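The block underneath contains the structure these notes are about, expressed in structure tokens.
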Ligand SMILES: Nc1nc(=O)c2c([nH]1)NC[C@@H]1CN(c3ccc(C(=O)N[C@@H](CCC(=O)O)C(=O)O)cc3)C=[N+]21
């Protein structure tokens with residue numbers, strides 16, 4: 001789903017409309033849920049755990065719960081006080097691991113500092129790890145067992161968008177991933193490698209990013225620095241995926257106002273790219289859609305039904 005941009009008259013890139021693709025994906029999920037239930041299976045179940053009251057996290061968690069309900073999932077949210085102990089959190093995870101109505105368990109990150117995120121992730125049953133953060137799922141992705149893995153939602157959503165922009169396939173193309181996080185950069189690189197791209201992973205210590213970008217047919221920016229990737233870095237005709245979500249001051253919108261920008265200087269890059277994701281409305285909505293897709297996948301596995309591929 002791509003359409004001509006409307007904001008910048010001379011830009012040539014197709015806008016990869018993540019919101020629209022996410023709506024397509026979630027419509028297919030809702031239909032599949034109906035199908036499951038009609039055949040006597042239970043609805044997919046998603047449990048989201050939030051520790052503390054960080055307002056941004058509350059917004060994200062609320063959005064996930066609403067979307068899950070909209071799709072006919074069994075959706076539960078646990079909001080634990082900020083001073084929750086590690087053992088209490090692990091006990092809740094253990095109870096959800098054992099709960100037959102729950103397919104997916106998501107612990108919202110970041111956790112308060114006194115909690116150990118890796119210990120919590122490793123406590124989740126890998127078969128219920130909707131985020132795809134558990135080492136078992138990371139490992140399955142790395143060894144190419146994608147059918148048995150659960151894959152991190154943001155890179156999975158990015159790949160869906162990249163495939164839409166490149167109907168001829170990705171094989172043999174040069175891909176640059178800027179960012180080496182466990183959540184985005186590393187799994188993104190693994191997915192692109194599996195698609196037979198020639199993959200480069202760059203990061204804050206990389207020398208000469210513009211030279212690396214100049215070769216990239218696919219560029220995924222996931223560094224968390226507002227508009228760091230400039231338009232003149234982009235190889236003409238490249239597919240540009242912007243994972244960044246940076247809130248910057250926007251005095252033009254009034255005192256104290258902010259706006260959301262990506263890691264890519266959008267207006268500049270759109271002049272050269274074949275296709276580009278906007279921020280907001282690009283990768284973000286796809287992340288939530290893939291979270292729902294992973295939950296459905298787990299439910300299908302436990303029902304012994306073939307899971308759709310998105
Ligand atoms: N265990 C865990 N799993 C996550 O998947 C996870 C997490 N923790 N912690 C926080 C991050 C962040 N995240 C987002 C998902 C969608 C949007 C999204 O839909 N953004 C909209 C707009 C947002 C806005 O306007 O503020 C967009 O890009 O269009 C944003 C952020 C999931 N996360």
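The backbone N, Cα and C atoms fix where each Cβ goes, glycine too.
TrEMBL entries are annotated by machine, without manual review.
Record features (TrEMBL):
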BINDING   179, 180, 181  NADP(+) binding site
DOMAIN    16-131  domain 'Tetrahydrofolate dehydrogenase/cyclohydrolase catalytic'
DOMAIN    152-301  domain 'Tetrahydrofolate dehydrogenase/cyclohydrolase NAD(P)-binding'
Legend entry - Cβ-based neighbourhood (8 Å from the centroid) of the NADP(+) site, residues 179, 180, 181 excluded: 177, 178, 182, 183, 184, 185, 186, 201, 203, 222, 223
Inset, instruction - By Cβ count within 10 Å, point out the most packed of the binding-site residues listed: 179, 180, 181. - result: 179
Inset, instruction - List the helix, strand and coil residue totals of the domain 'Tetrahydrofolate dehydrogenase/cyclohydrolase NAD(P)-binding' (152-301) as derived from DSSP. - result: 58 helix, 30 strand, 62 coil
